[in-house]
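Structure, as structure tokens:
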Amino acid sequence: MPTETLQTGSMVKPVSPAGTFTSAVPLRILNKGPDYFRRQAEPNPKRLSAVERLEADKAKYVKSQEVINAKQEPVKPAVLAKPPVCPGTKRALGSPTLKVFGNHAKTESGVQRETLKLEILKNIINSSEGSSSGSGHKHSSRNWPPHRDTTDLHRHSFAESLKVYPTPGHGSPQESSSHVSRRLLEQSAETFLHVSHSSSDIRKVTSVKPLKAIPCSSSAPPLPPKPKVAAMKSPEADQVEPACGVSRRPSLQRSKSDLSDRYFRVDADVERFFNYCGLDPEELENLGMENFARANSDIISLNFRSASMISSDCEQSQDSNSDLRNDDSANDRVPYGISAIERNARIIKWLYSIKQARESQKVSHV
């Protein structure tokens, strides 16, 4: 080991902590004093904004004296005005005007605009309130006639449907007494329907028991002997019987001719396409019109049978107590012979035979 290194090592002295602190901190920071450290110890020291810093250094980069003397104010964010109060809440609170909250630092032009808007809103609100009050006064002073256009018609039609017409050939006093009770039931139903026309009220009317019949005269002839079936009935069943008959009667009746006309009202093009299977007139002349008679008759008979079945069902639901009417409706019914599946099968078979005939004609011509 050289002697120089040993000499330098022996010359090194131990450094105290104060010496390390003074050597670590630069001299320029120590010369600033304790105020510099107090400012840094503060939690939120106030810093200059960019505008203020530029304002302080303006003389360095601006040449004209006017710009140097002019002071630039920082741009503040505009405060948005709150939305206007709803008219319903305004009327409930009783405030006649709308309050618009804005910034306190508005210019005169902005204030004038706000006042102009408020005046316009006041005029609109006052005009709308005046028109609504005037219209309400007119409606209150006007005497409207009672609504009789639709309700009276429905009530009249329902009362007509409730009417029970006497059947010919029965003129007994018991029938007249039941007719009187039915008339009383109709009157009570009319007065009840005048108040309300809902379905629940109609059900209540049909379920009400009829009032007792008033005898026509004290000198009425004795009643004829009743048949065995009628003798087995109890008086309670006799009272409930008119109500059941009223509930079973349909309100609308259509004849067979009306139903058949409605079913036969179809377009001519559609009917021709279905009856003649979409063939051209030239092909129909070549094949012969007599081949289409069977298919047309099947289709027409099917339409007529469907219409007659609907009409017979309506007649069957009219009156279950009159045996004569049920017999007539049973005799008027047309028996349902051909089903829809069988008719379709016949049409498909017929079309297939026409196709085979056309192919055979082509082969014969060749």
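Cβ coordinates are placed from backbone N, Cα and C, and glycine is handled just like the others.
Quantities reported herein were computed from a predicted structural model and do not represent experimental measurements.
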(request) Could you check which of 68-104, 216-252 is flagged in Swiss-Prot as region 'Disordered'? (result) 216-252
(request) Quickly, which of Ser188, Ser297 does Swiss-Prot have down as phosphoserine? Just give the residue. (result) Ser297
